[in-house]
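Positions annotated as domain 'G-protein coupled receptors family 1 profile' by TrEMBL: 41-287. According to TrEMBL, the transmembrane segment annotation covers 25-47, 59-78, 98-120, 140-158, 205-225, 237-260, 272-289.
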Amino acid sequence: MELNNYSVVSEFILLGLTKSQNLQIFFFLGFSMVYIGIVLGNLLILITVTLDSHLHTPMYFLLANLSLIDMILGSFATPKMIVDFLRQHKTISWWGCFSQMFFMHILGGSEMMLLVAMAIDRYVAICKPLHYMTIMNHRVLLGLIVISYAVGFVHSSSQMAFMLNLPFCGPNIVDSFFCDLPLVIKLACRDTYVLQLLVIADSGLLSLICFILLLFSYTIIIYSVRHRSSGGSSKALSTLSAHITVVTLFFAPCVFIYVWPFSRYSVDKILSVFYTIFTPLLNPIIYTLRNQEVKAAIKKIRNRQINSKHNLQLRVPKNFLF
């Protein structure tokens, strides 16, 4: 690639979350447990939605895609951060750094649009309950999923196209636990003021637009529910508070980082931990602990496995093992 002719930086140094050895050991244990929770929690939702036929509905199909994104989002930087807690020199290759930025913005942009799609689903379920399955048919559902991933891909590709042309020939220290666009851009060996504004505008505008759309849709839903009372609406509304909680946890840090560009990087680092690690962990907790259908499906699958194992033991002859 032409970039390699004038870019002498082959790796970046990540400062991580702290320099304290005691805190690094504590963070290693803590974040290891968090990461296990991210993988197992989201994997549990994926398996439950897949195996239980009662959850084969548009809402749970969108929820399964959200869990898939969260599981990958929690894995693009967290394992390396955990390993780096045990390392003296925390480095990442040039390609590794740019891969982190690329996938982080693909997943972030896709999750934003997916949350909008989930809000549309709740609007139809609550405001148009009799026509829910007609409106949210397979074609519409597939279109919402494709649009969500396409927006994330275009959003990330448009920013990385500018990053690939930047020369890196001097400082290579990133004050974070992963490579993020605002921090890496500042290390380029040219004036990047305009590019920084472009990144802030791109990411910030996407975050702000999705957040406003979500607030608008939830306002309409709440207004509609106040003027009607039905079992179907009540059931659909029971999931609305979980959606609002997830939206707040995910969008608040993103909007603060990219829409408010004058925040300190120490604050940004804390917020980055929140939306790249804690939010993927909280999503399965929020949706399972507050959702009776998911909990019932998990219990049904568990009982099915126990009964299957018990029946298998009964079929084995007593003298089989001699």
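Counting begins at 1 with the first residue displayed.
Cβ from N, Cα, C; glycine included.
Bear in mind that the values here come from a model prediction, so they are computed numbers and not experimental data.
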Sort out the residues at least 6 away from either end of the transmembrane segment (59-78), same chain, that have Cβ-Cβ distances under 8 Å to it, and list them.
-> 31, 34-35, 38-39, 42-43, 45-46, 49-50, 100, 103-104, 107-108, 110-111, 114-115, 117-118, 121-122, 125, 141, 144-145, 148, 177-178, 239, 276-277, 279-281, 283-284, 287, 294
Counting only residues at least 6 beyond its ends, the same-chain positions whose CB falls under 8 A of a CB in the transmembrane segment (140-158) are 58, 61-62, 65, 101-114, 116-117, 120, 202-203, 206
Apart from its near flanks, which chain residues at least 6 from the ends of the transmembrane segment (25-47) lie with a Cβ under 8 angstroms of it?
-> 17-18, 63-64, 67-68, 70-71, 74-75, 78-79, 81-82, 85-86, 277-278, 280-281, 283-285, 287-288, 294, 298, 301
Stretch-averaged pLDDT - the domain 'G-protein coupled receptors family 1 profile' (41-287) = 83
